[in-house]
Every structure is written in C-alpha cells, then in structure tokens.
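The region 'Disordered' feature in Swiss-Prot is assigned to 1-33. Taken from Swiss-Prot, the feature region 'Sigma-70 factor domain-2' applies to 43-106. Under the heading motif 'Polymerase core binding', Swiss-Prot lists 63-66, citing sequence analysis as support. Sequence annotations record features per position, and here Swiss-Prot assigns region 'Sigma-70 factor domain-4' to 148-198. Annotated DNA-binding region per Swiss-Prot: 173-192, in sequence order.
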Amino acid sequence: MGPVTGTDAGTEHGQAEQPEGRGTGAESTAERSARFERDALEFLDQMYSAALRMTRNPADAEDLVQETYAKAYASFHQFREGTNLKAWLYRILTNTFINSYRKKQREPQRSAAEEIEDWQLARAESHMSTGLRSAESQALDHLPDSDVKQALQAIPEEFRIAVYLADVEGFAYKEIADIMGTPIGTVMSRLHRGRRQLRGMLEDYARDRGLVPAGAGESNEAKGSGS
C-alpha cells in the first residue's frame, strides 16, 4: 500500500485533520498505538456497516475497513485529540472507497448479511433535525428491514452515501461535506434528491402493506410541486 495522501487521511478539510495538538516527540509509538486502539477501534462496527452500505459486498467491506484503519493509524499523529474522530475516520473511509473500491467493486452478494441494525433504524427515525418526514419515519418503524435495505440500495451511490451519513450515522451537513469532500450545497442537494427517491420507494412498500393510504404520497407530491 502506498503512502497516505492528505486527501485519503482527511487533512484538507476541518480542524480535526490539522497536524496539531501534541508537541513534537511528546508521544511515543507505543502510546500512540494504545491511544489508537482505545479511541479508533470503538467505531469498528459502525465503519463496517458503512463500508457494507458503500460496497454492497462483505468481502470488499472488510478490505475497505482494513485499508481505512491502516491509513488512519499511519496518519493518527495528525489527528487532534478532542475533535471529531468519527468524522475523521469516515472521511478516510469515504475517500478510500471513492478512490479505490468504486473502480474495482465485485458484484454484490445479495444473500450475505447486508443488514441495517435495529439501533441504526431507530436513529434514522429519530434524526429529525435535517428534515425527515413522516413517510420515512413510519416506514422505518413498521417496514421489514429487507424493504428498507432494498430501497437504500436502489438509490444512486452519491445519494445513498449522503443519506446514510445523515440519517443513519447522524452527521450534520458540514460534517458530511468534510467527509465527502463536497460543498455543503452539494450535500443538501444530494440529501434532498436521495430522500425524495427513498421516500417514494418506502411509500410504495408501505402502501403495498396497507401502512399508508393509497394516493397519500401522490397528493403530498402534488402539493409540493404546486407551491
């Protein structure tokens, strides 16, 4: 594996990526390793879930997480304690996926455990600060995991990653912009379009199961387009 670049390690955006905070020579390799194990490995399961959403293949997800943590460890001296470690790790994960795994992805293994955990669904339902509406929250509460999975996998990749980071992981717009390396306006656009597509599919699933009255989604869309 080649040297970690500033882009991969997340050194271009946000104070969490600045090589500051610990004096030169103030931390030994053993101390840094212990700090990495203590702080970074806490997010391992969440990182794997995110990698699985991106790659849609368990083997690729494992490889992506392994490479992400190798890069994170190599550049951990650049991370400033007390800032957002989770966002810093997700930036490395997302950049590694975009730069590597997107180009050489294997075919998805649909039968594998591509699951959204119950706690993730609950967080997605309760994450209302950026505008989730009743259709999503109702569907996430009542629909089978397989339906939510299928809907998320069906929306385009850039939308899927933005929606995942916002509505499952709970990142704010600015954090998502830093993670994805895009302007906040682009993040907002991707979230709006991704959520709209996701809402339409979830409403279809919910109508098929009698959870949403027939025509409810269409009437809301008509109101929105007429305003």
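Yeah, the Cβs are placed from backbone N, Cα and C, and that goes for glycine too.
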| message | Using Cβ atoms and a strict cutoff of less than 8 Å, what residues sit near the motif 'Polymerase core binding' (63-66) while being 6 or more residues removed from its termini? | response | 44, 47-48, 51, 54-55, 93, 96-97, 100-101
| Helix-strand-coil residue split for the region 'Sigma-70 factor domain-4' (148-198), DSSP-based | 42 helix, 0 strand, 9 coil
| query | If you average the pLDDT over the motif 'Polymerase core binding' (63-66), what number do you get? | reply | 93
| note | Using DSSP three-state counts, the residues of the region 'Sigma-70 factor domain-2' (43-106) come to 50 helix, 0 strand, 14 coil
